[in-house]
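Structure record follows, encoded as structure tokens.
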């Protein structure tokens with residue numbers, strides 16, 4: 001949060017309040033405290049705006065910190081350690097363990113403590129930067145007014161010059177299947193299962209589906225993912241990478257059923273669930289029994305009951321709020337960022353938009369290149385990409401060249417005995433400019449940031465090749 005616009009020094013002197021009966025006056029009121037909202041609120045305060053942030057949940061941080069990115073990464077990391085110790089991996093390295101036991105309760109405790117520390121960190125940053133935190137459901141009750149309604153029915157009115165909607169997204173419901181967060185779960189329930197299911201069926205093999213499926217597969221569940229799209233990894237993934245990724249996951253024990261539809265699921269008297277799967281082309285219809293059904297068919301913008309209709313702000317066909325390049329809605333002092341606007345539903349995209357949006361309010365330049373926003377799947381191996389895929393380049397008629405390097409030929413990957421995957425760079429044929437980077441392998445989520453930097457700076461493939469990389473490192477494969 002160090003970027004500052006000229007002539008906007010100092011911070012707000014508004015004292016911290018979590019709730020008040022008297023009306024509050026603000027320069028900027030942010031609705032939502034997820035990665036986009038809390039970052040925007042802090043930045044606004046640092047730029048000298050009197051800032052209020054409204055959050056409907058008890059804890060700050062939104063989906064990402066509480067029931068998304070953060071807890072899932074804790075479970076992915078710890079389940080990977082268990083998988084290494086429980087399988088043959090440690091023995092092959094000369095580490096012999098007589099007995100490995102899973103303490104799921106302890107694993108969940110570690111996840112929760114990480115979440116608690118990070119959400120508490122936001123509260124500390126709010127206090128440090130004089131951001132007023134109001135707990136309640138934010139409703140825009142006028143062009144310059146937001147009303148926050150608390151769980152007990154009491155309300156707080158905020159008079160404000162600018163309003164920033166950062167309410168994020170929610171799980172997309174599946175027609176005909178009711179989520180109870182017990183045996184039929186969304187990503188939220190899948191992060192807090194009380195025991196490892198014998199059989200887990202995942203509807204959707206996108207980013208969230210393969211990540212959470214991997215967690216429980218490593219801990220001992222038999223996992224089957226059913227994906228209508230016909231490929232693994234969701235939208236945006238390069239197809240060559242997707243096919244290799246699927247093969248690696250299958251080798252780990254993950255099962256996939258691609259192309260079929262799921263018309264519904266039925267709970268049996270013994271508590272098990274029968275998942276109906278329609279016939280895919282060339283296949284046959286079947287019923288897959290499971291202990292837990294995880295529904296991962298994506299997320300939708302959270303825009304209900306915000307008061308948008310009353311203000312004349314209409315949503316697009318996908319439920320998103322239309323904005324201009326400065327993130328303004330049709331009402332110039334009401335802005336929107338993150339999952340409620342167009343673009344990938346990613347925490348880091350929302351963060352960037354939040355900072356840039358408030359800098360724009362302060363008179364600064366507003367620019368974001370969505371082609372430089374990286375995506376990561378935090379399985380093992382990881383998958384990461386930024387820029388264009390081969391499929392996109394073909395569709396756009398851009399002539400390109402491909403550079404590939406397998407981790408099997410990388411010294412560090414060899415010494416780590418972790419050689420699955422490859423690095424794939426796409427460059428423009430005529431100019432040598434980097435157009436996209438696709439990484440499947442250990443540390444892909446870290447390495448992709450080098451690619452994002454190259455894209456942002458307009459680097460050529462030769463520019464990257466001429467940068468001296470330390471040896472032996474995994475990132476040499478990128479060069």
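Every residue number used here counts from 1 along the chain in the order it is shown.
Including glycine, each Cβ sits where the backbone N, Cα and C put it.
As the structure is a computational prediction, the values presented were derived from the model and not from experiment.
Taken from Swiss-Prot, the feature transit peptide covers 1-19, and the record attributes it to experimental evidence.
The annotation N6-succinyllysine is assigned in Swiss-Prot to 50 (among others). Take the CB of residue 50 (N6-succinyllysine) and look out to 10 A: across all protein chains shown you find 21 other CB atoms.
Annotation note: residue 55 (FAD binding site) sits in a strand segment as assigned by DSSP. What Swiss-Prot records for 55-64, 73, 138, 167-169, 339, 345-348 is FAD binding site, and it gives similarity to another entry as the kind of evidence.
Secondary structure at residue 69 (disulfide bond), taken from DSSP and collapsed to helix, strand or coil, is helix. On its own chain, residue 69 (disulfide bond) has 347 as residues at least 6 apart in sequence with a Cβ closer than 8 Å to its own Cβ. Positions annotated as disulfide bond by Swiss-Prot: 64-69.
Listed in sequence order, the same-chain residues six or more apart from residue 88 (N6-succinyllysine) with CB atoms under 8 A from its CB number zero; the list is none. The DSSP secondary structure for residue 88 (N6-succinyllysine) is coil. According to Swiss-Prot, the N6-succinyllysine annotation covers 88 (among others), on the basis of similarity to another entry.
Taking Cβ-Cβ distances under 8 Å and a sequence separation of 6 or more, residue 106 (N6-succinyllysine) has no neighbours in its chain. Mapped onto three states, the DSSP output places residue 106 (N6-succinyllysine) in helix. Residues or ranges marked as N6-succinyllysine in Swiss-Prot (evidence: similarity to another entry): 106 (among others).
The N6-acetyllysine annotation in Swiss-Prot covers 106 (among others) and is backed by similarity to another entry.
Neighbour list (residue 116 (N6-acetyllysine), Cβ cut-off 8 Å, at least 6 residues apart, same chain): empty. What Swiss-Prot lists as N6-acetyllysine is 116 (among others), and the listing cites similarity to another entry.
Among the features that Swiss-Prot reports, N6-acetyllysine is placed at 127 (among others). DSSP assigns residue 127 (N6-acetyllysine) to a helix in the three-state reduction.
Residue 143 (N6-succinyllysine) carries neither a helix nor a strand DSSP state and counts as coil. The N6-succinyllysine feature in Swiss-Prot is assigned to 143 (among others); the stated evidence is similarity to another entry.
According to Swiss-Prot, the N6-succinyllysine annotation covers 150 (among others). According to DSSP, residue 150 (N6-succinyllysine) is assigned to coil rather than to any helix or strand.
What Swiss-Prot records for 204, 205, 206, 207, 208, 209, 210, 211, 227, 262, 298 is NAD(+) binding site, and it gives similarity to another entry as the kind of evidence. For residue 204 (NAD(+) binding site), the same-chain residues lying six or more positions away in sequence with a CB closer than 8 A to its CB are 225, 226, 227, 295, 296, 297, 298.
Neighbour density for residue 261 (N6-succinyllysine): within 10 A of its CB lie 13 other CB atoms from the protein chains shown. Taken from Swiss-Prot, the feature N6-succinyllysine covers 261 (among others).
Secondary structure at residue 269 (phosphoserine), taken from DSSP and collapsed to helix, strand or coil, is coil. Counting only residues at least six positions away in the same chain, no Cβ atom sits under 8 Å from the Cβ of residue 269 (phosphoserine). For 269, the entry in Swiss-Prot reads phosphoserine, with the evidence type similarity to another entry.
In the three-state DSSP assignment, the secondary structure recorded for residue 330 (N6-acetyllysine) is coil. Taking a C-beta cut-off of under 8 angstroms and a sequence separation of 6 or more, residue 330 (N6-acetyllysine) has the following same-chain neighbours: 312, 313, 322. The N6-acetyllysine annotation in Swiss-Prot covers 330 (among others) and rests on similarity to another entry.
Summarising the annotation, Swiss-Prot assigns N6-succinyllysine to 414 (among others). In sequence order, 408 are the residues near residue 414 (N6-succinyllysine), counting only same-chain partners six or more apart with C-beta under 8 A. Under DSSP, residue 414 (N6-succinyllysine) is assigned to a helix (H, G or I) in the three-state scheme.
Spanning the residues 204, 205, 206, 207, 208, 209, 210, 211, 227, 262, 298 that the record associates with binding NAD(+), the maximal Cα-Cα distance equals 20 Å. The Cβ of residue 210 (NAD(+) binding site) has 29 neighbouring Cβ atoms from other residues within 10 Å, across all protein chains displayed. For residue 61 (FAD binding site), the same-chain residues 6+ apart in sequence whose C-beta sits under 8 angstroms from its C-beta are 33, 34, 35, 38, 70, 115, 118, 119, 122. Put plainly, the binding-site residues 55, 58 were compared by Cβ crowding within 10 Å, and the winner is 55. Of the candidate recorded positions, 50, 150, 206, 210, the one lying closest to residue 58 (FAD binding site) when CA atoms are compared is 150. The separation of residue 167 (FAD binding site) from residue 150 (N6-succinyllysine), Cα to Cα, is 16 Å.
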